[in-house]
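What follows is a short report on a single structure.
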Amino acid sequence: MTPKPNTSNPNVGLPLLSKDSPDIESLLILNPKVQSKANAVPSAVTKKNKHNWKRNEEKGCGASCGESKLKNDFRDIKHTTLSERGALKEAMRCLKCADAPCQKSCPTQLDIKSFITSISNKNYYGAARAILSDNPLGLTCGMICPTSDLCVGSCNLQASEEGAINIGGLQQYACDVFKQMNVRQIVSKEVRENRNASHKEQIALIGCGPASISCASFLARLGYTDITIYEKRAYIGGLSSAEIPQFRLPYDVVDFEIQLARDVGVKIETNRSLCKEDITLDKLKSQGAAAVFIGIGNPEPKIDPLFEGLTIENGFYTSKNYLPAVAAASKPGMCGCKRTPLPTMRGRVVVLGAGDTAMDCATSALRCGASRVTIAFRKGFTGIRAVPEEMEAAKEEKCEFLPFSAPRKINVKDGRIVSIEFNKTEQDDNGKWYEDEEQIVILKCDYVISAFGSTLKEDTVLSALQPCKLNKWGGIEVDSTTQQTSEAWVFAGGDVAGVAETTVESVNDGKTLMDLTFKIQIAAWNMHRYIQAKHGNVLGETPELPKFFTPIDEVDISVDMCGVKFENPFGLASAPPTTSGPMCRRAFEQGWGFILTKTYGLDKDLVTNVSPRIVRGSTSGPLYGPNQGSFMNIELISEKSCEYWLQCIRELKRDHPTKIVVASIMCVYNKEDWIELATKSEAAGADILELNLSCPHGMGEKGMGLACGQSPEIVKEICRWVRACVKIPFFPKMTPNITDVREIARAARDGGASGVTATNTVSSLMHMKADGNAWPAIGNTKRTTYGGMSGSAIRPIAMKAVSSIANELDGFPIMATGGIESAETGLGFLMAGASVLQVCSAVQNQDFTVVEDYCTGLKALLYLSGAESLKEWDGQSPPVEKHQKGKPILLQGQKNMPFFGKFRDEREKLEALKLSESNLLDTDNYHFASRPDTQVARVPTVEDVIEHEVAIIDHDMCINCGKCYMTCNDSGYQAITFDAVTHQPHVTEDDCTGCTLCYSVCPIPECIQMVPRKGPWKAPKRGVKPTVEPGTPKVVKVDQRGRVILESTGGMQ
């Protein structure tokens, strides 16, 4: 008989417990709800409302009317600038292609794939090292290089919907983080120890611009100790300092790169000119210079005869006197001035020219007070010379463009320019351009800036260049394949050599240029060859330039485990990356410290793998390409014979005696088999054995792998068999597919194992298709089995296994594996108790070369951990500064003023007011290189490391997405409100339990922080008052075995 429901309710008349209270309903007003009807809002209302939410500029006439908002605003304008969050997301998107076309399009041949790999692994030092090795001005070029015409233009992701990678922004970010580390450059130990008399030869470089700084840096890395750069100005940096505006290239960046050159012994003398009265080539040679590099650029403007007689007083500038004047007044630290006025630009400005310099002049004029700027040029938009980045910047800042216009006359009244007249230009059927005198345009203006290029024509400079031959244009005659002049001891690069058009190409003229068919050697290498030849040392034509080097690269990351010395703790796991002997050899050649062979057995247990067997994991959602969070495999052990692997071990140990070979072996549960295979492997020369007792699929049917590894008794007995027959260390491989991995590890130790490997893959069923079939599916019958999941998805499981074994068996060696994909994640395993690190899925995601990133990353982490001045850093990540879109916030702490709609307009007005009152030459907000550099008392070794709150939201960084609000509503405690007008979330402290869900889902790192509660802690909302209120734990402790120890206060506090 069915019992009758109890209808008596003691809470009759009270509010429903299963329904939100009115205050919570009010809080939930903006929380998403399932929509049951179609929306219908009049377009007129939407048109009006959208202005309340806009984050971009208004379009149409109203957007450009009124005074410029840019006066005195020299803040970073680059769209490519990234925060750490943006850099990581962009780097993770990169495909890291084979034979990367982006690198082929870079004049300095940066290893772009490698440095982006390092960024995605949070190894910013490794990325900066890769960049600065090929380009000593890597930060400068990251900021101003026209990447759309170079590396970005060749990015394979141009063929995808999401578009090319922001390579320049990533380069800028990595180098900027290294700049903040404040670590000096040094000459490598190898070079220092191999210096000879030739390295004491004098080398002179004229002009302290990009080409000279680059050339001098490479020569210093080659070991030369007497290198001097002569600069005619009182400040250094050449065009980078004088002619590229602060909002594109801050002076502290130039200062940083020059400091790196000085670190390796480059000397710089300012106020030294190339002229008969001071420096000439003949004088330098007579004073002992063995080689000279000329990098003076083109110092004089090309001026149309139309403008002869016009001066600044009339309102006429050239780019060569305008941009330096702007720089002197807006670049803190450049000339040591405390305050210098900007050139006054009240009214209308016309800029003549269509190159990058013209765009810089135009956008600078807006910051000097111009109300309107027009850029006039002879041809149409399709023939414009400026790179797209510069063109778009000028367009966004509301510069006007006047194409097909050639200046014919400037009208002056009362000593001031009042207008400029243009002839329209036309192109005939033969493609020839001409001016149409019948079509005239008159443009009223107050200032004219000529940006028609530059040249070298000053007689005193040309005479100082003798005996070098000049070309028909008056420049230096240079062999473009060697950068050598008519005088064998004189070299030239940059603008003065007539080839380079950009900073990155000037940098390259100081190093080497890759042609499609062969390498062209130029200045630094050829100067090195020339000097060495004088001393009887013949060098090949292929450049061999040393890489960028710092004290970080001297950190020792070797490890001693069980008496075996590992060069570094990174090795390849027994997995697809070690399928064959040649693959193991290539791994050693790339720098891996050790390898494990693919697991092999006796010939009687040979297997044949099925196909398909390794598939993309579903743990990362619809993510295709690299950076998969997991793989699922039903891979079996090696298909190759036992003798094949024994011979490979012999060859590998013979040719790579300092590398460690670990033989991964597997047998059925049979004493004779284990003894035979173990002794053969030891005799072949294996340094260590790994006993595969944990393969989760395919081998259990034969009584191998997991069939043995889940029983402590069987593991212990197998270990005893192996211990009795071999002297080398051996490590049973643990399975995570068990209740307590510590029991198996304890059994292995008791059986005489030297240590354990933790862990193998996690048994899983990854994909189930809509038709009910699993993937992978084998053959026509579509058979499958539970496979092994690997990759970062299993890292928490593997980390727990390593930590629990290390806590249970103090000092017991552990080879860790399972989701190790960077130096940072590897260091985490080492700190949890691992001795060395095995890698598999990360190589499947990329290639063998990731080991270089891991090694440099680990060295940097160890080095920086010893620096007291960087104690606020998290590994290689600097403290998160308040920012929007990667740029610092000028006005902080403005409550109820988000960055959209009318609030944005109000913020811009306040910012303009603050900028108008600010001193542009104040250095307080810039990070200049300082020496001595970051000091480290003691660098830890790898072996050294082997062993209540509420939320607060930072409205300066918040992007108003409401993710915190939604997750707190539907997965938490309804402790966050969300303003309907400002879209600003607010945490109600009394309701916040400190669960950190909001912190976990926030897309902006450190926008939400967990801080100590200000008010007294209140008891949880019990819903219905309990009959007994248990005591609140005062202290929560965990013992070494992971058991919780409670010390109760006996009552509420």
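Glycine residues also receive a Cβ, built from the backbone N, Cα and C atoms like all the rest.
Of the listed candidates (Asn627, Asn633, Asn670, Asn807), Swiss-Prot assigns Asn633 to the same substrate site as Asn692, Leu693, Ser694, Asn760, Thr761. Swiss-Prot annotates Cys94, Cys97, Cys102 as [4Fe-4S] cluster 1-binding residues; of Cys141, Cys145, Cys155, the candidate listed for that same site is Cys155. DSSP assigns Leu693 (substrate binding site) to coil in the three-state reduction, placing it in neither a helix nor a strand. Comparing C-alpha positions, Gly238 (FAD binding site) sits nearest to Cys961 among the recorded positions Asn633, Ser694, Cys695, Cys961. Of the listed recorded positions, namely Ala211, Cys695, Cys961, Cys964, the sparsest Cβ surroundings within 10 Å are found at Cys961. Farthest C-alpha pair in the substrate-binding residues Asn633, Asn692, Leu693, Ser694, Asn760, Thr761: 17 Å apart. When secondary structure is read from DSSP and collapsed to three states, Asn633 (substrate binding site) falls in the strand class.
In sequence order, Ile953, Gly962, Lys963, Tyr965, Met966, Thr967, Ile976, Phe978, Pro985, Cys998, Val1001, Cys1002, Ile1008 are the residues of the same chain, not among Cys958, Cys961, Cys964, Cys968, whose CB sits within 8 A of the CB centroid for the [4Fe-4S] cluster 3 site. Within 10 Å of the C-beta of Gly494 (FAD binding site) there are 33 other C-beta atoms, taking all protein chains into account. Cα of Cys961 ([4Fe-4S] cluster 3 binding site) to Cα of Thr761 (substrate binding site): a distance of 38 Å.
Just so you know, of the binding-site residues Ala234, Leu693, Cys958, Cys968, the Cβ with the fewest other Cβ atoms around it within 10 Å is the one at Ala234.
Residue density at Asn692 (substrate binding site): 28 other Cβ atoms are found within 10 A of its Cβ, drawing on all protein chains shown.
Put simply, Asn760 is the one of the binding-site residues Gly207, Ala211, Ala234, Asn760 whose Cα lies nearest to the Cα of Cys964 ([4Fe-4S] cluster 3 binding site). Among the binding-site residues listed here, namely Gly207, Ala211, Leu693, Ser694, Ala211 has its C-alpha nearest to that of Cys958 ([4Fe-4S] cluster 3 binding site).
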